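A.B. asks: One structure, as structure tokens, below. Some questions next.
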Amino acid sequence: MNKPFIDVLAGQRQSVPPIWMMRQAGRYLPEYREVRAKAGGFLDLCFNPELAAEVTLQPIRRFGFDAAIIFSDILVIPHALGRSVRFEVGEGPRLDPLDTPEKISTLSGEADLSKLEAVFEALRRVRSELPQSTALIGFCGAPWTVATYMVAGQGTPDQAPARLLAYRAPEAFQRIIDALVDSSIAYLLKQLDAGADALQIFDTWAGVLSPREFARWSVAPTRRIVEGVRKIRPDAKIIGFPRGAGALLPGYVTETGVDAVSIDWTAEPGLVRERVQSKVAVQGNLDPLALITGGAALDQAVDDVLASYAGGRHIFNLGHGITPETPIAHVEQMLARVRAYKG
């Protein structure tokens, strides 16, 4: 049976765009909150194959999305590299900062992927339970974005600690990037082996970089990951998400070799259609706040996305993750609007 999501990545436009949501397994769902409470901490949930598989499947059962994305986190790679990774309630991730060349010299260059066996087991479980027409997405964080957390030891408003280190000590910063590239290739290949149909590389903080730094720290490492995965799995379908890249999107697509690019809601439709969607599939790009709003504003926002991109190869998604306060009824409204599209 065909998977519409995979068909789009393979170059076939669909009359009704396939749809899924970033963070579709999340706190807006009461069934997720119930499992999360049972699991304990966030990483406890990520590393419990039974529970991670369950929350991955929940939005598929409820909404019938065209793709499931494995429940995990981009910071499992630093964990596999031997770094301390903790999630503090209400504060987000905490790591031991790699903020000097001396500290970076202690970084292991090779990930222990046995620490991530729970992710691969969760993928196998989900694969066995998904409908045949539903795709399964594995993922990793892009090296730049993961490095921003490793350098600062936490999330920061403008990623200044990593940007400063990359300017002041580029050779040392490159060591972090190299370790993340190699680890990500191995991690993504293992996800494919465990049943993933496609992969997404999340570069959440790509948009803070100048064009020169974007080319060095976002584009080049992503290209190395794509090439490394395809060296072993030439048919691998890979989506890039350089959030906030804007006018740099065409170059990103050309240079990285991705099959599709996910875009945020600030992307200019004309530029994307003419210089991006003419080359690869486009995924996105509903504003998550329009989804919170609902009503006529949501209908208009959905229609705008469809009018902009559904004429070409398009996967309907949000421009970033769904937020916890989003009403379920608004997700149902969005789904009905997209599935009623006649293109």
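Glycine is no exception: its Cβ is also placed from the backbone N, Cα and C atoms.
So Swiss-Prot has the following annotated:
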type	residues	note
BINDING	R23, Q24, A25, G26, R27, D73, Y149, T204, H320	substrate binding site
SITE	D73	site 'Transition state stabilizer'
A.B. asks: Among residues R23, Q24, A25, G26, R27, D73, Y149, T204, H320 annotated as binding substrate, what is the maximum Cα-Cα distance? Answer in Å.
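C.D. replies: Roughly 23 Å, rounded to the nearest whole number.
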A.B. asks: Among the binding-site residues R23, R27, H320, which residue has its Cβ surrounded by the fewest other Cβ atoms within 10 Å?
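C.D. replies: Each of the binding-site residues R23, R27, H320 was scored by Cβ atoms within 10 Å; lowest is R27.
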A.B. asks: Report, as a single number, how many Cβ atoms besides its own are within 10 Å of the Cβ of A25 (substrate binding site).
C.D. replies: 26
A.B. asks: Taking the Cβ of Y149 (substrate binding site) as centre, how many other Cβ atoms lie within 10 Å?
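C.D. replies: I count 28 other Cβ atoms within 10 Å of it.
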A.B. asks: Mind giving me a neighbour count for D73 (site 'Transition state stabilizer')? Other Cβ atoms within 10 Å of its Cβ, every protein chain shown.
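C.D. replies: D73 (site 'Transition state stabilizer') is surrounded by 18 other Cβ atoms within 10 Å.
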A.B. asks: Using the alpha carbons only, what distance in Å do you get between Y149 (substrate binding site) and D73 (site 'Transition state stabilizer') once rounded?
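C.D. replies: Here the two Cα atoms are 12 Å apart.
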A.B. asks: At the Cα level, what's the spacing in Å between D73 (site 'Transition state stabilizer') and A25 (substrate binding site), rounded?
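C.D. replies: On Cα coordinates alone, these residues lie 12 Å apart.
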